[in-house]
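The following features are taken from TrEMBL:
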- B:Thr162, B:Lys188, B:Thr199, B:Glu280, B:Asn403, B:Ser408: substrate binding site (BINDING)
- B:Thr199: active site, nucleophile (ACT_SITE)
Protein chains: 2
Amino acid sequence: MAKITSVSPLAPAAFPNLPVIDGVRFATAEAGVRYQGRTDVMLAMLDPGSVVTGVFTRSATRSANVLDCQKKIGTDSDAGAAIIVNSGNSNAFTGRAGEGSVDAISEAVAAKTGLPANRVFTSSTGVIGERLPHDRIIAKIDDLVGALDAGKIAPAAKAIMTTDTFPKGACAEVEVDGKTVRIAGMAKGSGMIAPDMATMLVYVFTDAKIGRADLQAIVSDAADKTFNCITVDSDTSTSDTLLMGATGASGADVTGNAAFAQAVHDVFLDLAHQVVKDGEGATKFVEITVTGAATDADARTHAMAIANSPLVKTAIAGEDPNWGRIVMAIGKSGAAADRDLLSIRFGDIVVAEKGWVSAEYREAQGAAIMKQQEIPITVDLGLGTGQATVWTCDLTHGYISINADYRS
Amino acid sequence: MAKITSVSPLAPAAFPNLPVIDGVRFATAEAGVRYQGRTDVMLAMLDPGSVVTGVFTRSATRSANVLDCQKKIGTDSDAGAAIIVNSGNSNAFTGRAGEGSVDAISEAVAAKTGLPANRVFTSSTGVIGERLPHDRIIAKIDDLVGALDAGKIAPAAKAIMTTDTFPKGACAEVEVDGKTVRIAGMAKGSGMIAPDMATMLVYVFTDAKIGRADLQAIVSDAADKTFNCITVDSDTSTSDTLLMGATGASGADVTGNAAFAQAVHDVFLDLAHQVVKDGEGATKFVEITVTGAATDADARTHAMAIANSPLVKTAIAGEDPNWGRIVMAIGKSGAAADRDLLSIRFGDIVVAEKGWVSAEYREAQGAAIMKQQEIPITVDLGLGTGQATVWTCDLTHGYISINADYRS
C-alpha cells in the first residue's frame, strides 16, 4: 500500500480521553496479517448480560465477516460477547474460504473465552480478494485474551486503522436517574467511504442498561443521520460494519431516554466527522445543507450529488468559489429542482438567488470562505420543506497518490 | 482556466480528413468571449430543405441555449438552418439574461442570413453562471456569414474547444441506390462528461435525404448507444447538445436504410471515444463490458458504477490490476449481483470466477494488461442475458490539476 507519511491537516489535536466503559475490555496484537511492525488485531470482550446491536453495508458483494455478523446480530444471549477485528485484509470476495476463515476465528475465540461461537463477531478491513491468513490471527488469541484491559480502548482504535492517518475516538456521558451513563467508541475509515449503509468499521460501547431491540432502533436511527450522511469518494465498502454493545454495568435503564439517544447520535456524528476529516488526501471539511426540497429524500439526493461531484470537490481543493459546479450537480442529481428558485450560500454569503448570481455577491467573499478549513455550503431549492445535511471532503492530488498505488 | 500545455496521450495522430457535406458551410471567428488569441465562435449554415434533429441534456439546470434548442427542434421548415456556437461561457444559470442572450444572437443571425429566428440554433460552452457577453458574438456575425465555406469543418471543430486538448472529428460514407451519402461531424468535451443525456457539444452533418422524424429516431438511438455510454467524471453538463443536420443534397433517400443508421452510429461512437480519450488528465482508455446481467439496464448500472468509481479509476491510473475494487463497485451499484457467480476478465485473462480469484490467474498477467493504453474489462454476472458496454478513462493527477484551478 501507499506509504502515508503525514497526518491529515484536518485531524483533531489529540485522541480524546475516552472513559472506561464498565463491562468492556480491550486488547491488541501484532499478527502480521499484512502490515509489519504495528498492531493489526483488536479484541473487545463484553461481559455477560451485554446486548450487541449493529448496522452493516448493503453492498451486494459484502464480506464473509459482514454476512456472518448479520446472521449472529439478531439473537439475544446472556453469555457476553467478543468482537475481533483485523486490519490489512478485508476477507471480501474470498468465496467459501472467507467463510471458513470467519468460522475458524470465531471458534478459536469461543474456545479460549468460553463464549458460544455465535457470540463472536468478526470484522476484517483491508485489501479485497486475497485469502485471509487467519492462522496468524488465531495464533495471537491466547495473548489477546490474557491482555484484556478496560483501559485499552485507545490502542484498540489504532489497531483497526488502514489508510487512516489518525485513530478516531469519541465519547459522551448522560445522567439517568442519578447515575452516570458512559458511551465511548472508535471508528476507522478514510477511503472507500460512501453512504447508504453503516459505513466503515465502528465500535461503540456503553454501560447503559437497555434491551437489544431498543438499542438497535437508536443505533439504526443515529447511523442513518450520521455515518449514512458522509462520503469521501462515493465508493461503498464491502466491509462496512457498526457494532454497538451495552453492558448494563451502570445500572441505569435508558429505555425511552431521549438524552441517551441524543448522546449516541452525538458520538456517531463525532466519529463520522473524523472519518471525513481523515478522507484520503483531504484538506477541507465540507458541510452541505440542502433546504426547501420537495422531500427530505430529494434534499439528500441533491446534497449527495454535490458532495460526490469530482468537479465540486476539486474546485474546493483549489479554493475556487466555483458555484456554477454546484448548479451543475443539482441539475444532474435527478431530484426535483427549478433553476429560477435556486439559491446558494457559502457560509452566510448569498452567492446566487432566483437562478442567477446575487447582485451583491463579490467573488472575493466566496474566495474568503473557500480559504477556510471548514466550508459550509447551503442550497435552498424553494420548492418545499425537505432538508438534509451531509459531510464530505475535497478531492486532491493526495487522493490520487494514495489510490493509484494502494495494492501493487 | 488552467493552462492545458500538452495534448492527451490518447489523442489520434491527426484530425481526420473530413469530406465536404454538400449543403453545409462553416465559418469561425475570434470574438474574445473569454479566451484571447484563438477562435471561439463557430457558425454552420445548412441550405434550404435541410432537416435538423437533436438530443439534449436532461439536467434540471440546463442552459438557456439548450432550452431554446429544445423549443425549436421539433418543427419542420424548408428555410434551411444555422447553428452558432461559442466557447468560453456556457450561458447556464444566467436567468432571464441568458434567455435574452440567446434571443439576441438568434435574431442577429436571422437578420444577416434571412432565416427565421426559430431556425437559428445556439450553443454555449464554458464557465457556468456568468453573463454571456453576446454583443461580442453579434459583432462578428457579418464576418462569419461572409466567410462561410464548405471546406472549413476542421477549424470549426477547433473553435468549439474548451479544456479539450485536440479537436474531434469523424466521418463515414454509405452507398445508397448508387449514390454516395456522406456523414461528417465534430464534438467537444473533456470534463463534466457523464451519460444519461446527449452529452457535450456534437454537430454532425450529412447530405442524405431523410425526414426529420426518421432522422431523429436514428439520432436518438445512436446517441443512446454511444454518447450516453461514456463517462469521464460522472458530472453531467448543463449544456450538452447534439445536433444533426441532413441537407438532402446527395439526392439519396436513406429512409429505412440500415447501413445509413449504422454509419451514423459509427460516427457517433468514434466521436464519443475521442471525447473519452481527451478526458481531463486521461492516460488510459477503458472499455467496460458487463454480460450475464438480469437486464440490459442492470448491466449498464453495473458498468457505470465501475466506470465512475474513483477507486477503480485511480487503480487504472496506477497500472494496478486491483480487481477487488471492481468487485466493490459491482457491490455498491444497487443492481442485482451474486458474489458467487461473478467472473472478471482483463482482456482475455480470467482474473476471478465464481466469487474468487481464478486459480490460474497470476498478478503479472493483470499487470501486463494494465500497462496497455487501451484496457478492456469484462464482468460476467452469471444471472441472465443483459449486457452493456461503456467507455471511460482513468483518474489522474492531471484531472486534479485541471479542475482545482479552472475558473479563478
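Cβ atoms are placed via backbone N, Cα and C, with glycine included.
Keep in mind that TrEMBL annotations are predicted by a computer and have not been checked by a curator.
For the binding-site residues B:Thr162, B:Asn403, the greatest number of Cβ atoms within 10 Å around a candidate Cβ is found at B:Asn403. According to DSSP, B:Asn403 (substrate binding site) is assigned to a helical segment.
Considering other CB atoms within 10 Å as the measure, the emptiest surroundings among the binding-site residues B:Lys188, B:Glu280 are those of B:Lys188. Proximity to chain A, taken as a Cβ less than 8 Å from one of its Cβ atoms, holds for B:Asn403 among the binding-site residues B:Thr162, B:Lys188, B:Glu280, B:Asn403. B:Lys188 (substrate binding site) falls within a strand segment according to DSSP.
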